[in-house]
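First comes the structure, then the notes that go with it.
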Amino acid sequence: MATTLDNGLLDDILHQVRPLIGRGKVADYIPALAEVSSNKLGIAICTVEGDCFSAGDAAERFSVQSVSKVLSLVVAMGLYDDDEIWQRVGKDPSGQPFNSLLQLELEQGKPRNPFINAGALVVCDMLQSRLSAPKQRMLEVVRRLAGVDDLVYDTRVARSEFEHAARNAAIAWLMKSFGNFNNDVMTVLQSYFHYCALKMSCEEMAKTFLFLACQGRAPHLDTPVITPLQTRQINALMATSGMYENSGEFAWRVGMPGKSGVGGGIVAIVPHEMSIAVWSPELDHAGNSLAGIAALEILAGRIGRSIF
Ligand code: DON
């Protein structure tokens, strides 16, 4: 029988997954991220009825990293027609690590989906073409969605990423060689690294992404963020490509559209019901939060939810 959602349930889930801490590895290819304590563990849920539940370090901010790839796609969907986006980036799972170059070369510079680094870089290139201040616009969007005025980029993390930009720069230059990148590579990388370096807590993240559970409407905002169709499309992409080469495994274990970041955060959606954010910095081999996935798996079982 499904359990009722409350703070006690979330406490209990964190208690169950805490022993997993020590089995993963904090991302260290971005040196500033390696400084985060591996003991952090938090979870927050916002329901479409307006209830919020949380446990552990749910109020502490962390680097959202690739979770921001969903937000850049949302902004691009507001600026471009469908065809303009999807002729430059695909909609299929890559089955490859998030920062791989192999497939990109074989497929003439068209990334498989917007949630691997190559795809997100194309999306950022598109934002750069249509926005005079893309970094500022992203902050405005995310502050509005979270209902919090003081969300900021962690400039130390952004700088650290820029100092270790070789692989992302190679991806962008490869796409440029195929004619799928229009702006200055370094300028776009700066925006991309800032989006990744956005800091948010689980509570803020769950609220920010609630519109994906509400057919594109954030309950606290008057105007829709995206259309119901776009919402379905983003949830479909998250379900098939949100966890990189482990997207199938995540669908199997958790059964919800999800998006992870190497900061250890994951956002997951139960359409028409709730948004969930978890944070535990230690990652598995695919770069997804190890204890975070376990927490979502237990939660899905306890409340009896799956989109499948
Ligand atoms: O570009 C990078 O490699 C990082 N800023 C983001 C990667 C990431 O979060 C992948 N996630 N699991």
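Going from the start of the chain as shown, residues are counted 1 onward.
In case you wondered, yes, glycine gets a Cβ from its N, Cα and C as well.
Pulled from TrEMBL:
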type    : residues                                              : note
BINDING : Ser66, Asn117, Glu161, Asn168, Tyr192, Tyr244, Val262 : substrate binding site
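A map of TrEMBL features onto the structure.
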residue : record                 : CB count, 10 Å
Ser66   : substrate binding site : 25
Asn117  : substrate binding site : 23
Glu161  : substrate binding site : 24
Asn168  : substrate binding site : 22
Tyr192  : substrate binding site : 29
Tyr244  : substrate binding site : 24
Val262  : substrate binding site : 24
### Query
Where does Tyr192 (substrate binding site) sit in the DSSP three-state scheme?
helix
### Message
Based on a Cβ-to-ligand 1 distance below 6 Å, what subset of the binding-site residues Ser66, Asn117, Asn168, Tyr192 would you report?
### Response
Ser66, Asn117, Asn168
### Task
Would you give the longest CA-CA distance, in whole angstrom, between residues of Ser66, Asn117, Glu161, Asn168, Tyr192, Tyr244, Val262, the set recorded as binding substrate?
20
